[in-house]
Amino acid sequence: MFRSVRGLCKQVGEYGSFVTADYVVFALMLLVSAAVGVYFAWADRGQRSSGDFLMGGRRLTALPVSLSLTASFMSAITVLSNPVEVYRYGASIGLYGLSYVMMVVVTSEVFLPVFYRLAVTSTYEYLELRFNRATRLLGTALFIVQTILYTGIVIYAPALALNHVTGMDLWGAVISTGLVCTFYCTMGGLKAVVWTDVFQLGVMLAGFLSVIIRSVVLQGGVFPIISDSEEGGRLNFWDFDTNPLKRHTFWTITVGGTFVWVSIYGINQAQVQRYISCKSLTHARVSLYINLLGLWSILLCSVFAGMCLYSVYKHCDPWTAGLVSAPDQLMPYLVMDILGDYPGLPGLFVAAAYSGSLSTVSSSINALAAVTVEDLIKPHTHMSEKHLAWTSKGLSLAYGALCIAMAGLASLMGGILQAAISIFGIIGGPLLGLFALGILCPIANSKGALSGLVSGLVVSLWVGIGAQVYPPPAELTRPLPLTTDGCNFTITGGLNWTSTALPTQLIPITTAPAHNADSRPVLADNWYSLSYLYFSPIGTITAVGVGLIVMNHIKMLWTNNGCPLTLGFVLFPIEVMTRTGRLDLTKDREKEFGNTNPAFCDVELDLTRSSISHMK
């Protein structure tokens, strides 16, 4: 026996709709977010520098920064797509929890000390200090392009899914959220962004909990939901298959996921800008570790929400039955189905989804303004700090408008949306390789860095675009079976529809047309079928490998003064001894090895005070 939910008996294509209470809850979320911006604009009305606006004066504490770190990349795509991932492919994405641990350790011990001690506003300032200006500008340009593209999609994609199910006006939601986000970013700067992130993270958790609690009540408890998921094969955590072509295994999620999340938390401007705004290095480190608890909480809620989704619809899949037109609409459909009789709760879930969008968009706008001021304006002008602060506010306004316009463009992109999101992830790998070269390899120089970055981009885009054109077969993506055996509802027009014979195996959604097996190139069944989680490691490894190979005068490591510098890594600061005595890293470094690594040669390797001078 199984429970028949209300949605199984409604007409095909007939969804619930928002009532006044739902709109009130949604509007309240927007109002509170805007109010935070007004508060900090008033409280910090005396701020006179761009550093105050973009970095919060570097006086923030660990707790709000940690919650902001969690909210920044937990977008509406996470709220809507993670549960559907569990519904279709199983709960293996719960293993991201291990990736988060490794990401936090690597970020706090490798990348955080560098950026914090240099007191940079833009992470790409480091690239000029370490390599040259061309490297900095290329990194900045890549960041700006990918962030504007991704932010437009983050605004538009959830609005489209929610519009189809709840009836909420599509462009009204897009423009209102975009305007509110731009408003508080422009008015309050980083402080407003951080504190609205704290509020929005709470709304996201509340939205998840409303769905979970109602599902648990309907299904008779937590254990029936777990039991249904186990019977349906959704608890597929421990797949240790080492085949890199399989979409999700223990290794693809833990190894590939670590690279993806390190590229976000370790070097992405939106995240780095937060933890270097802390008032001390200790607060910055603590914020990362508290953030780990937040990431685990969101992951647990999204995975269990997906298990609830499967438990409720295990006998009648709304997507296969035609009740929704796309998988991303399944969570809004569930919300309207089980919470539709409780005015305000559907509005709470929609507010949760849009809170995810607001937190991501606000982080992006603030980060875009920061890199534009620091990398493109400051080096070429002599503006006062007061004028730079006003310029930062103007840039926040301009980028907000640009992101809303990008959402309009996203509406015309159709199937390219998924490809664009994939490309956004692909770009992070080569950039991670570039920063790894600078921080972990003191011997790397600017020519190697640029060559590595370009090579990593070419390779990762090659495999990523190939995977979109020639999507991997179902035996590698492995969607789990769904059924319509228990469907019993009325099609508009009065025909009663009951099915026990529809296909139980889903066909993977792709953004490319189907290809005949005979027309698929040889690479389609191996290279292009690589798990998408390995795109980032490929880009990183290629960038580092090519960078080291191209490096000029690499033989000088062993022939010049007999001094192997390869031990001068971040984790092993050492004193350097040469046959001729003192090693001066401030002379002729670019010619032979690249510029001095400013994070360590001037901090850990303080050669002017080392024992070398006493050992002559």
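Every residue gets a Cβ built from N, Cα and C, even glycine.
Annotated features, as they stand in TrEMBL:
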TRANSMEM  23-42  transmembrane segment
TRANSMEM  62-81  transmembrane segment
TRANSMEM  93-116  transmembrane segment
TRANSMEM  137-158  transmembrane segment
TRANSMEM  170-190  transmembrane segment
TRANSMEM  248-267  transmembrane segment
TRANSMEM  288-313  transmembrane segment
TRANSMEM  348-373  transmembrane segment
TRANSMEM  394-413  transmembrane segment
TRANSMEM  419-441  transmembrane segment
TRANSMEM  448-470  transmembrane segment
TRANSMEM  532-551  transmembrane segment
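Contact between the transmembrane segment (348-373) and the transmembrane segment (248-267) is absent: fewer than three CB pairs lie under 8 Å, with pairs separated by 6 or more positions in sequence. Counted over residue pairs separated by six or more positions, the transmembrane segment (137-158) shares at least 3 Cβ pairs under 8 angstroms with the transmembrane segment (62-81), which defines the two as touching. Distant neighbours of the transmembrane segment (170-190): 30, 33-34, 36-41, 44, 47, 52-56, 60, 155-156, 159-160, 162-163, 196, 273-274, 277, 354, 357-358, 361-362, 365-366, 369, 392-393, 396-397, 399-401, 403-404, 407; these residues of the same chain sit at least 6 beyond its ends, with a Cβ under 8 Å from one of its Cβ atoms. Remote same-chain partners of the transmembrane segment (93-116), defined as residues 6 or more beyond its termini with a Cβ less than 8 Å from a stretch Cβ, comprise 82, 85-86, 123, 126, 237, 248, 250, 253-254, 257-258, 260-262, 265-267, 272, 275-276, 278, 281, 284-285, 288-289, 291-292, 295-296, 299-300, 303, 435, 439-440, 570-571, 599-600. At the 8 Å Cβ threshold, with sequence separation of at least 6, the transmembrane segment (248-267) lacks contact with the transmembrane segment (448-470), having fewer than 3 such pairs. For the transmembrane segment (532-551), the list of distant contacts is 244, 247-248, 252-253, 255-257, 259-260, 263, 422, 425-430, 432-434, 436-437, 441, 443-445, 447-449, 451-453, 455-457, 459-460, 463-464, 467, 594: same-chain residues at least six beyond its ends, Cβ to Cβ under 8 Å.
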